[in-house]
């Protein structure tokens, strides 16, 4: 979703919310949480508050009128009824024959509510310096995790990674082969953004940064001489991230045409630009997702920018066998998240089995 539309949607949801959610929003904006995260949380709160009214737990006429005491007095049984409602309600997707929402969606909803309750019961300071209330019903609600071992997840993800020489083959395909089957009209659009698209893909594959981190890069954040980019990680921390040298020519090519191609002026500080009717703007996450999906599907299999992050992490672990190094590259505080990559790179285990 484009940033302007995202901000419009956020304001629309904020206009519906009770005062304590608006306080929560302002607090998390200062952390800062991303606008995308806050938007998703507001959507979940709207769904939950509508249920409170429809089920008769709250006698408020609208969401904004819901009293904070309603949240304080919710029982474990109430929350379990809400989860049951999510599981059994008719699907909003008319193409799906399934009832209810997925477990992933339920977990996301409960996570959003847990964040709100933690704020209200632990983080906020009322006039007396104390939280608004202390009883946190969400601590009594457990989430159901998907039953899948790391090995099974790794095998599933492995099919969607560009490992070994496929990393360079993918870049070469976009640069030299993708255009062959395009119409003349499609070629015109492709040529306009070719250098930029290659630079973005190369940056993701060479650094493993998150999509949001790539989108928010400014010109001042990249140092091609040292092959380092400065990014803002989750939670707002600044971090310097190394890039593999294979990305340099793609980034240099893009930077050489950036100003003229996208009509960039001094005030246009974003690294990756898009241009519409002569006006340059920072490229948004949705555009990059669609771009990566388009090229990857034509090359081998449709993937997301996050799979390019997995690709870099797996290749780096394969080369170093160091989870610590990989976790630092990805910006993780612990190596637990990188356990996945030890299962993707499991040739030693397979070789041992072959020798039995």
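Glycine residues also receive a Cβ, built from the backbone N, Cα and C atoms like all the rest.
Quick look at what Swiss-Prot lists:
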DOMAIN    16-121  domain 'Core-binding (CB)'
DOMAIN    169-354  domain 'Tyr recombinase'
ACT_SITE  210  active site
ACT_SITE  234  active site
ACT_SITE  306  active site
ACT_SITE  309  active site
ACT_SITE  332  active site
ACT_SITE  341  active site, O-(3'-phospho-DNA)-tyrosine intermediate
From active-site residues 210, 234, 309, 332, the one whose Cα lies nearest residue 341 (active site, O-(3'-phospho-DNA)-tyrosine intermediate): 309
Cβ neighbours within the same chain of residue 332 (active site) - under 8 Å, at least six residues apart: 338
Least surrounded among the active-site residues, given as 210, 306, 309, when other CB atoms within 10 Å are counted: 306
Residue 210 (active site) and residue 309 (active site), Cα-Cα, nearest whole angstrom: 7
Cβ-Cβ neighbours of residue 341 (active site, O-(3'-phospho-DNA)-tyrosine intermediate) (radius 10 Å): 24
Alpha-carbon distance [residue 210 (active site); residue 234 (active site)] in Å: 9
Residue 210 (active site) and residue 306 (active site), Cα-Cα, nearest whole angstrom: 7
Taken over the domain 'Core-binding (CB)' (16-121), the model's mean pLDDT: 89
